[in-house]
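K.L.:
Here it is, the structure, as structure tokens.
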Amino acid sequence: MGNADYTYPWSNDYNSHAAASHRVAIPPPQPFVKSLKNTLKETFFPDDPLRQFKNQSPRKKLVLGLQYLFPILEWGPRYTLQFFKADLIAGITIASLAIPQGISYAKLANLPPILGLYSSFVPPLVYALMGSSRDLAVGTVAVGSLLTGSMLGQVVNANDDPKLYLHLAFTATLFAGLFEAALGIFRLGFIVDFLSHATIVGFMGGAATVVCLQQLKGIFGLDHFTHATDMILFMRSVFTQIHQWRWESAVLGCVFLFYLLLARYFSKKKAKLFWISAMAPLTSVILGSLLVYFTHAEKHGVQVIGELKKGINPASIMDLNFDSRYLTAAIKTGIVTGIIALAEGIAVGRSFAMFKNYHIDGNKEMIAFGMMNIAGSCTSCYLTAGPFSRSAVNFNAGCKTAVSNIVMAFAVMITLLFLTPLFYYTPLVVLSSIIIAAMLSLIDYEAAIHLWHVDKFDFVVCMSAYIGVVFANIEVGLVLAIGLSIMRVLLFVARPRTLVLGNIPDSKVYRSVDQYQNANNVPGLLILEIDAPIYFANSNYLRERISRWIDDEEDKLKASGDTGLQYVILDMSAVGNIDTSGISMLDEVKKIVDRRGFKLALANPGAEVMKKLNKSKFLETLGQEWLFLTVGEAVGACNYMLHSCKPKSTADDQSEKYSNNIV
């Protein structure tokens, strides 16, 4: 980097001609209504979902509208027997996982175990009708269950008033569904994007750690355990009750946990053995139940589920509780759990859609998630989403469409109608082992290491979420992580990058001198790239930063004895928009440049920027002759004027020699 080897690529005549013939166009004015319409369209309808309705007959529009709301109407007519065979196998496979997981996660939410089965019956049917993912398997999720239990537990104790607690769980599920559906209907899915990848990795890992610690109650067979969700109180609760630890329960839990982890290990080693891991939870439930039944272990400290009510989901619409004393807690729980469920479900759906090369509509998924939770809240279900473990099994089992969810729902229905008595002797310690095995896969330490190597700030966000969840509580960890993510977005806006550009040798290209060490500074010119839109939040910073760049450049030129600074060129290529504060900033920068005896030039300002600069009369102040299509043209014009309008000095002679070297 430097001036010594700089060779300007054009002759003076070319530069004069280029500057005279090419002008930056001001876009034609648009009516306000049309401009507002375009802005709203880009904000809320970037995927243009209404395109398919253009130039269609009313009947065709009705059909397309129904297919949009109910995707099953679009792919259903093309469904084949071969597809059904694949979906049947996948559905039965995920049902074998959904049944024990559903019972386990309901206990995690401090709800009756039967609700885990209810929640794997109605919601999957709704999703099969309205969802756009072929691979997502619907059901209860561990983190959502934990959030439900911890947040509702702050206002109602599930043991003291189980009926009220149950009704509030249904109400929170209703609000979660309404919130999810509203996000999809009003095209507000970008709100969920504030949960960055780093936030989700840290939050999920922290929640999984908390869930694992909670299962120590079941592993050691403890009757009394803390309702708090931080590690310190967990450890205190466990180790102050050593005298109450039951070795029978602990041994049984460790054996089944080892079996579950071993099954997962073999499934990961060979993809075709996915069924071993998928069947392991149900196998554990069956073996555990038989062991307790034949050894009467329930009489020796091993706790069991007990009686599960037969029959399909009873209606719960009349159980929804809108009492003002608890309404705030129900709404808060619904919104928080709804956001987490959406973030996980949509991310999982998109991941598997990428593997099979098809697209899912995020807003449509939100509507589907919302409707299945609204329907679930009226049919004795609590929060459901698209858990990764179940969806991965569905994908590996070879599912073709959402019919696999329908098959799973019918398998759960048969279980509810005929098989629930068989779960009477299922030991709780086995359920704890199933939960721990599932949660360990959510502690993604490899992703955290990757974040450390790629982006340290993302790593800080990730660890903040993890530490906040583990050592404080779920809400603190979530708020802390989202707060840091938003702060980073604000920093990107408020502190945009400004780069000094130089010429790549033997080219007309100008790039950052920090990135390209062979880029040469142009004598007498300072070329700066502004790498973001200019708003009120960053206008003061940019004014100060540009002034500092000018000071630094002058000091450097004085120290080296090179040509004095004469022109400042701002590359506006990355400035997509500007507000009135930004225009005022440019006006101030021009005054600063003028006071120092320099000239300010703008290169490649965009349409929106040009429109506002023109309306504000800034273009008149600057002068049209100082607007250029490219940095190259701006450099050419400034370089020409630098050598044609000034008396020559030794430094100028040297600079002109570089300018005309190619001629």
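Every residue, even glycine, has its Cβ placed from backbone N, Cα and C.
Quick paste of what TrEMBL says about this protein:
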DOMAIN    515-638  domain 'STAS'
TRANSMEM  79-99  transmembrane segment
TRANSMEM  111-130  transmembrane segment
TRANSMEM  136-157  transmembrane segment
TRANSMEM  164-188  transmembrane segment
TRANSMEM  194-213  transmembrane segment
TRANSMEM  249-266  transmembrane segment
TRANSMEM  273-294  transmembrane segment
TRANSMEM  326-347  transmembrane segment
TRANSMEM  367-389  transmembrane segment
TRANSMEM  401-419  transmembrane segment
TRANSMEM  424-443  transmembrane segment
TRANSMEM  463-487  transmembrane segment
K.L.:
Take the transmembrane segment (424-443) and find every residue of the same chain, 6 or more past its ends, with a Cβ under 8 Å from one of its Cβ atoms.
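P.N.:
Here the qualifying positions are 100-101, 103-105, 107-108, 142-143, 204-205, 207-209, 211-212, 215, 217-219, 221, 249, 252-253, 256-257, 260-261, 264, 280-281, 284-285, 288-293, 297-298, 302-308, 388-389.
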K.L.:
Could you give the residue numbers and ranges of same-chain residues that sit at least 6 residues beyond the transmembrane segment (401-419) on either side and whose C-beta is under 8 angstroms from one of its C-beta atoms?
P.N.:
71-72, 75, 79, 83-84, 87-88, 90-92, 94-95, 98-99, 102, 114, 117-118, 120-122, 124-125, 127-128, 131, 133-134, 136-138, 310-313, 394
K.L.:
Taking 79-99, 136-157, 164-188, 273-294 as candidates, which has the most Cβ pairs under 8 Å with the transmembrane segment (367-389)?
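P.N.:
Between the candidates 79-99, 136-157, 164-188, 273-294, the best contact partner of the transmembrane segment (367-389) is 164-188.
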K.L.:
Would you say the transmembrane segment (249-266) and the transmembrane segment (136-157) are in contact under the rule of three or more C-beta pairs closer than 8 Å, pairs 6 or more apart in sequence?
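P.N.:
By the criterion, they do not touch.
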K.L.:
Give the residue counts of the domain 'STAS' (515-638) per reduced DSSP state, in the order helix, strand, coil.
P.N.:
63 helix, 21 strand, 40 coil
K.L.:
Hey, which bits of the same chain come close to the transmembrane segment (164-188), Cβ under 8 Å, at least six residues off its ends?
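P.N.:
Those are 44-45, 109-112, 115, 148, 151-153, 155-158, 316, 319-322, 326-327, 329-331, 333-335, 337-339, 341-342, 363-378, 380-383, in sequence order.
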K.L.:
Looking at the domain 'STAS' (515-638) alone, can you tell me the average pLDDT?
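P.N.:
A mean pLDDT of 91 is what the model gives the domain 'STAS' (515-638).
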K.L.:
May I ask which of the stretches 111-130, 194-213, 249-266 has the most CB pairs under 8 A with the transmembrane segment (273-294)?
P.N.:
249-266
K.L.:
Please figure out which one of 111-130, 249-266, 326-347, 463-487 racks up the most CB pairs under 8 Å against the transmembrane segment (194-213).
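P.N.:
By the under-8 Å Cβ criterion, the transmembrane segment (194-213) pairs most with 463-487.
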K.L.:
Given a Cβ distance threshold of under 8 angstroms, which distant residues of the chain, six or more beyond its ends, lie next to the transmembrane segment (249-266)?
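P.N.:
Long-range Cβ neighbours of the transmembrane segment (249-266): 218-221, 273, 276-277, 279-281, 284, 287-288, 291, 297, 301-303, 427, 429-430, 432-434, 436-437, 440-441.
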K.L.:
Are there residues at least six beyond either end of the transmembrane segment (463-487) with Cβ under 8 Å to its Cβ atoms? List them, or say none.
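P.N.:
Distal contacts: 146-147, 150-151, 194-196, 198-199, 201-203, 205-207, 209-210, 228-232, 336, 340, 448.
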